[in-house]
Amino acid sequence: MPKRTDIRKIMVIGSGPIVIGQAAEFDYSGTQACLSLKEEGYQVVLVNSNPATIMTDKDIADKVYIEPITLEFVTRILRKERPDALLPTLGGQTGLNMAMALSKNGILEELNVELLGTKLSAIDKAEDRDLFKQLMEELNQPIPESEIVNSVEEAIQFAEQIGYPLIVRPAFTLGGTGGGMCDNQEQLVDITTKGLKLSPVTQCLIERSIAGFKEIEYEVMRDAADNALVVCNMENFDPVGIHTGDSIVFAPAQTLSDVENQLLRDASLDIIRALKIEGGCNVQLALDPNSFKYYVIEVNPRVSRSSALASKATGYPIAKLAAKIAVGLTLDEVINPITKTTYAMFEPALDYVVAKMPRFPFDKFESGDRKLGTQMKATGEVMAIGRNIEESLLKACRSLEIGVDHIKIADLDNVSDDVLLEKIRKAEDDRLFYLAEALRRHYSIEKLASLTSIDSFFLDKLRVIVELEDLLSKNRLDINILKKVKNKGFSDKAIASLWQINEDQVRNMRKEAGILPVYKMVDTCASEFDSATPYFYSTYAVENESLISDKASILVLGSGPIRIGQGVEFDYATVHSVKAIRESGFEAIIMNSNPETVSTDFSISDKLYFEPLTFEDVMNVIDLEKPEGVILQFGGQTAINLAKDLNKAGVKILGTQLEDLDRAENRKQFEATLQALNIPQPPGFTATTEEEAVNAAQKIGYPVLVRPSYVLGGRAMKIVENEEDLRHYMTTAVKASPDHPVLIDAYLIGKECEVDAISDGQNILIPGIMEHIERSGVHSGDSMAVYPPQTLSETIIETIVDYTKRLAIGLNCIGMMNIQFVIKDQKVYVIEVNPRASRTLPFLSKVTHIPMAQVATKVILGDKLCNFTYGYDLYPASDMVHIKAPVFSFTKLAKVDSLLGPEMKSTGEVMGSDINLQKALYKAFEAAYLHMPDYGNIVFTVDDTDKEEALELAKVYQSIGYRIYATQGTAIYFDANGLETVLVGKLGENDRNHIPDLIKNGKIQAVINTVGQNNIDNHDALIIRRSAIEQGVPLFTSLDTAHAMFKVLESRAFTLKVLD
């Protein structure tokens, strides 16, 4: 079937900000789809609120709107653009839910907009739990015994009929949001209440738990001619009961018999055909390990996290082909872009094993509930490719960047057997390491299988690794054993640890013995056809398939898995850097380990190495490719952390040199640099012991800001107000030592702003200055940033530009740099300098129209700023106002406190742009799903130090129609100062009128809660904040943010004035 000619303009809805359950995979799929549609000659209009994505670059679609993905704004854009069709299946759950809302509100019908890819009826049947149940019954596909409920009472009734355990699955939600497993009525009531609240259609499916079955996924494609194929099947290491996004996953499935595979494959193809999906679809199934009995768990009628994984695992570009199918092309007439000789109708074949491992945020959220269940908690993932399970698993392990290079974590030797077995039974994020430890202690596979329901096949593979550890320990420096363990994916570092020598010695010994990796191609066809894909993975085999060209090459290191503090912004910078390298006439090579991102799309670079970002793996690629140099600036802390070892190994690092990186990161050197340049900074000291820290704080005076050196995202950063808290921090939060000093700084309360700049060693370009709405004390990644600055005087701006120039030249920066300033009493202080790309780079690139990563890359390669058209120093400011606002995933992370502070907690960002600050703020809040009505009730429960400022804020909220509720201390202060309030209780104050109840009953429209440093662990305040998050009520833990929201509400209100 030829492509359709009756449609000309297509609108694509993106997935919005990155949250747990919906990460960079939609940037990858959305980018692919937009380019694929443009390739076919269609005009593409894109709507997405996330500025950190490649997808929202001007050249990806014909028209790009970075606007809130809400009914109000998408409808406005539809009315303005009048597209012929809408493609919602590439924007994750956000895109699907928006399509449903547009349809239900009659917008699509009114504007005569056709839905492409997956029809509304199919979305409804897959997402509406009742319709899905009916369809499965019609197809004779087994599903667990279940009931659709719209109230808690109905859920209890069903539970009384069939008993526990049960699983709650809310309709139309993402990543298992609001769902969970229940073993009793109390848990059922709690989870169903949250689930109904979070489901846009107030509906939950309550089903009999089949936890313990094998979880298998099939990624399937279908076109309008009813051609259908399986792209890839995948098997979860963890059984049903743990969200697939939180599970280790292998592709292809490892333990299925031919009969089982055929059974599940037929079911998946029957389902996609019955739903008449045109494009990609993910089917999740549960298989009884002891019979051929299976159940259909869920169907995602769209491109998903699993399809991004399947695309990267096979090389088959699902999103690109889904877009072509959506406009009428069929699988048997589209050429497979990898082989360039076969058609897309050929099912991919794999001659390797892929392992995906989730990356959890618990290194930042130590108080978080680590127990895994049906609600997703991972922020990102890594993928590794090997010739056997052991190899791919160990490569994935060391890709995670959690301080491990093997399936062993520190201090497990000291864990008692009781604790060990409890950790294995409980299924937390680190269970894999405890399983390996149990095998080291000779627990039987049968025992571990019965505790976990993990297939014995996988446990046996772990036992192979453990037995090889033992073999290594008993045969020190044995070359044959070395060869054997390298084949199974052991790292040089792990071997060195077992042999009690250093990593360099293992590396040299291995190289002398000729034990070197070769690189194999990912070609979709297990080498059956010729393929020209420049997509490689390492293994210890015979033939090397990565041929080195004569062209000079540059290696760019990516940023690894998405985690809090290092998100998709760094992938954005990596992709742009590669573009500039290619434009400069070099061969661009990317090395990265993240399957979700655009940078690991093989069409982006001249060569892609899908490998862990460790010294060993990077050096192996460098030894083979012999690049002109390596660019580290765009890979976040991941790449920067490799600088020292690469430099020592003689690798040419391009851009700012190691000694200058050190001068910015090393406290003493940095202080000396600032003093030499005559630039003020808050007084501070470095401490390597508890006593040193206490002495430093006494000299500076409390409060002080404490943090470890060399971290990203403010990890373990804290504001400390007294000696007791400081001693507690030094003994629990960090392990200070001469190698790992702790920085102690005076905490200045003032206005914070930051600058991204490009330096060529002689001149600098500052695309823009960003002013933070929240004052210092809230991490810059969690602050709302405004460009251009709205309240900075010309003198302050000139000072910032002057200090930036001095620092760029004084630190010999070549390429990108980010500087953070605090302004107190009209004096500018430098807080920190990062001589690399920062997370604000995509936002600033979008709003200034300067492709910063590209300019910086060309400068790194030797170009000068005078050869560009952007001039020097501060670039002229935009006449629009642009706001970058953080987005959080607290609903997914029970027990994580939503109070903002110096440690970063946001997972993503949105952007709001308009002609003035109030309108831009309105858009930013709407895009971040922080919506407040024009009137209602607002609760104030604030710290004593904030009461005076909070009073003024409460007065202005009252002036626009809000009723002020306050807890006792706040209410007494407000009443004494002439502001009438409604007194509310916190908790346990023998009063029905307490805040969590009021929030639950819909009586409260917003909560303003601030806490002094000495009361951070206040239990009542924690529960109030948690209640607001769970019920979706706007929560402000900074008065500055609450004031920004007031500006929005005020701008929407009319002035009501008594006649004089």
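First residue shown is number 1, and so on along the chain.
Glycine is treated like the rest: Cβ placed from N, Cα and C.
The shown structure was predicted, so the numbers you read here are calculated from the model rather than taken from an experiment.
Per Swiss-Prot, ATP 2 is bound by Arg707, Ala746, Leu748, Glu752, Gly777, Val778, His779, Ser780, Glu832; the candidate from Gln790, Gln820, Gln854 named for the same site is Gln820. The binding-site residues examined here are Ile242, Leu748; by Cβ neighbour count within 10 Å, the least packed of them is Leu748.
Cβ neighbours within 10 Å of Glu832 (Mg(2+) 3 binding site), excluding its own Cβ and spanning all shown chains: 17. When DSSP labels each residue, the region 'Oligomerization domain' (402-546) comes out as 77 helix, 11 strand, 57 coil, counted as helix, strand and coil in that order.
The number of other Cβ atoms within 10 Å of the Cβ belonging to Arg707 (ATP 2 binding site), over all protein chains shown, comes to 21. Look at His779 (ATP 2 binding site): DSSP puts it in coil. Taking a C-beta cut-off of under 8 angstroms and a sequence separation of 6 or more, Gln820 (ATP 2 binding site) has the following same-chain neighbours: Glu752, Cys753, Glu754, Ser780, Val830, Ile831, Glu832, Val833. If you take the Cα of Arg707 (ATP 2 binding site) and the Cα of Asn834 (Mg(2+) 4 binding site), they are about 15 angstrom apart, rounded to a whole number. Around the Cβ of Gln284 (ATP 1 binding site), the number of neighbouring Cβ atoms within 10 Å comes to 21. Take the Cα of Glu298 (Mn(2+) 1 binding site) and measure to each of the binding-site residues Glu215, Gln284, Leu748, Gly777, Asn834: the nearest one is Gln284. Comparing the binding-site residues Glu215, Glu298 by how many other C-beta atoms lie within 10 angstroms of each C-beta, the top residue is Glu215. Long-range C-beta contacts of Arg208 (ATP 1 binding site), restricted to its own chain and to partners at least six residues apart, with a cutoff below 8 Å, comprise Pro144, Glu145, Ser146, Ile162, Leu166, Ile167. Nearest in space to Arg129 (ATP 1 binding site), taking C-alpha to C-alpha distance over the binding-site residues Leu748, Gly777, His779, is His779.
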